[in-house]
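These notes concern the structure reproduced below.
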Ligand code: HGY
Ligand code: MN
Ligand code: MN
């Protein structure tokens, strides 16, 4: 396939302006974003994205999980489209670029093709996957998981947030429940541009991460049940302290991950204490252990050891426990042809690049099961993400979007 000329570049200012415009929707309290999935703010961001897509002449479809597909026709309507996208939903204290760069980078590919008057043989479809973050409704990458056949749609609809609201009801409430069945679309390839969310590229002064693999993940939601009692008058030996159990399990999970360095991570970010009163021993705690590794064997070993550790800790404290696996995907190897298109694009454009394993999960990790898939990383400041201070430079955004443009357009085949 003919590669685009190295002089073909996206419009950095237009991309940056779109990122800053989207960032105004669902602002956080410290300069980032709180545009959680299926909130009114998510709905508003979707409308803005749809307006931009329609202004670019794209036909926007929505499936039953709310995922948005904005299609630019190719010269041959019978061949499979090339998909490009990511997610617009954010963490509660999220940044302006996690996910958004990939969706608006995909739109910038279309806008640049129109500027240059380039037609491609294959259609190109820009995608916004619903609920990538999994912070309001676990698990992460929910809609792309249903699309890839990993989750059933009805199961996804029944996922509940901390206030007991159902995913399906909230999707209906914000008016983004489409009527297109989920997962019937076939793709020639899928590309996702994303910030690295780690420090490697910035530390090494490298412009582009050529993502060859994604590490695997498990989310173990633990519920500990002890006994509420007075923090003052209950003798220490008589306490059944679910809060102490959570503390010991937090320490144990950390130590297990430390035993498998450098290829493992583990932490607990979600913690609920009941009744959460200063002078009541916690009778119940609910928390999620997030463990990850690029090695399946390591991930499974950590899972096993943590479960054994939980049993011992709860026995010693006379508290009951339940463990529910609320998220899981095995390590991912992306498609070599697509990865090569990303690498060749970086090379052609004169950007420094290196192979890299994704520490975070992405919709690409599921879509890789149903279509040849690859990702493009750009650096982010201090490797920081899932923090309102998340930041990138306009140059990094442009480099990532240039590489995305070349990989997508080469795969979609320019029509001379
Ligand atoms: O959890 C993740 O890795 C992603 O940010 N949802
Ligand atoms: Mn993301
Ligand atoms: Mn994220």
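Cβ from N, Cα, C; glycine included.
Since the structure is predicted, the reported quantities are computational estimates derived from the model, not experimental observations.
Residues within less than 8 Å, Cβ to Cβ, of residue 87 (Zn(2+) 1 binding site) and separated from it by at least 6 positions along the same chain comprise 99, 100, 102, 103, 128, 129, 130, 131, 132, 133, 363. Feature annotation from TrEMBL assigns Zn(2+) 1 binding site to 87, 98, 194.
DSSP assigns residue 386 (Zn(2+) 2 binding site) to coil in the three-state reduction, outside any helix or strand. If you draw a 10 Å sphere around the CB of residue 386 (Zn(2+) 2 binding site), it holds 18 other CB atoms from the protein chains shown. Among the features that TrEMBL reports, Zn(2+) 2 binding site is placed at 98, 133, 386.
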* Structure fact -> residue 194 (Zn(2+) 1 binding site) and residue 386 (Zn(2+) 2 binding site), compared by Cα position, are separated in whole Å by 13
* Looking at the binding-site residues 98, 133, which one has the fewest other Cβ atoms within 10 Å of its own Cβ? -> 133
* Would you mind checking how many other C-beta atoms are within 10 angstroms of the C-beta on residue 194 (Zn(2+) 1 binding site)? => 30
* Structure fact -> Expected list for ligand 1 (Cβ under 6 angstroms, binding-site residues 87, 98, 133, 194) reads 133
* Taking a cut-off of under 6 Å between Cβ and any atom of ligand 3, tell me which of the binding-site residues 87, 98, 133, 194 pass. => 98, 133
* Select, from 98, 133, 386, each of the binding-site residues with a Cβ positioned under 6 A from at least one atom of ligand 2; if none does, say none. => 98
